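Checked Swiss-Prot, it gives:
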{"type": "SITE", "residues": "Tyr12", "note": "site 'Important for substrate specificity'"}
{"type": "ACT_SITE", "residues": "Asp69", "note": "active site, proton acceptor"}
{"type": "SITE", "residues": "Gln70", "note": "site 'Important for substrate specificity'"}
{"type": "SITE", "residues": "Glu154", "note": "site 'Important for substrate specificity'"}
Amino acid sequence: MLPLLLASSSTYRRELLSRLRLPFVCSSPDIDESHRPDESAIELVKRLAEQKARALADSHPAHLIIGSDQVAVLGERIIGKPHTFENAREQLMAASGASVTFLTGLALLNSQTGHCQVDCVPFTVHMRVLDQARVERYLRAEQPYDCAGSFKAEGLGVSLFQSTEGPDATSLIGLPLIRLIDMLLAEGVQIP
């Protein structure tokens, strides 16, 4: 088996990948993550996932490189990481009683052959009706400013959910393991 490389510095993605009990290393790619004009959210996450994997191919010429990228979509609007309390409060209040779809782009690049599998896995969160006091309590408790959508699904953020739907709950945290396993199996990786 070629060595696995996770093209990410995300602790969340690292924790998810470790569930597969396969050895891997991590490296952070340096790419331009800006949204192109007329690019759909699905096209954006697929492109960025593949770019992250390809950015490390030259320095890791015989690896299976995993790239992933995620955006949250509320209505027609892409919402990213809030970075601040104020932005997070605004995002959560806008999502109150609504549905937020998380689109996770996934790429698996065999840097030896150049073959790259790319996909997008959606996951939808139906939010509870939230008031400002509840949102502010949550934000002070968890400070999810580095998370698209302004909550941590693996933590207290689940208290904001009414329900969820999608093919793979791990995609909500940023690395869709079910689809990744399909890709790894196609590359001949044995799991377990």
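Each Cβ is built from the backbone N, Cα and C atoms, and glycine gets one as well.
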Near the Cβ of the residue listed as 'active site, proton acceptor', how many other Cβ atoms are there if near means within 10 Å?
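25, counting other Cβ atoms within 10 Å of the residue listed as 'active site, proton acceptor'.
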Rounded to the nearest angstrom, how far is the Cα of Tyr12 (site 'Important for substrate specificity') from the Cα of the residue listed as 'active site, proton acceptor'?
12
Fill in the CA-CA distance, Glu154 (site 'Important for substrate specificity') to Tyr12 (site 'Important for substrate specificity'), as an integer in Å.
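Per the Cα atoms, Glu154 (site 'Important for substrate specificity') and Tyr12 (site 'Important for substrate specificity') stand 9 Å apart.
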Among all protein chains shown, how many Cβ atoms are found within 10 Å of the Cβ of Glu154 (site 'Important for substrate specificity'), not counting that one?
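Summing over all protein chains shown, Glu154 (site 'Important for substrate specificity') has 16 other Cβ atoms within 10 Å.
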I want to check the contact list for Tyr12 (site 'Important for substrate specificity'): same chain, sequence separation of six or more, C-beta distance under 8 angstroms. What comes out?
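Result: Glu154, Ile173, Gly174, Leu175.
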Where does Glu154 (site 'Important for substrate specificity') sit in DSSP terms: helix, strand, or coil?
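For Glu154 (site 'Important for substrate specificity') - judged by DSSP and reduced to three states - the answer is coil.
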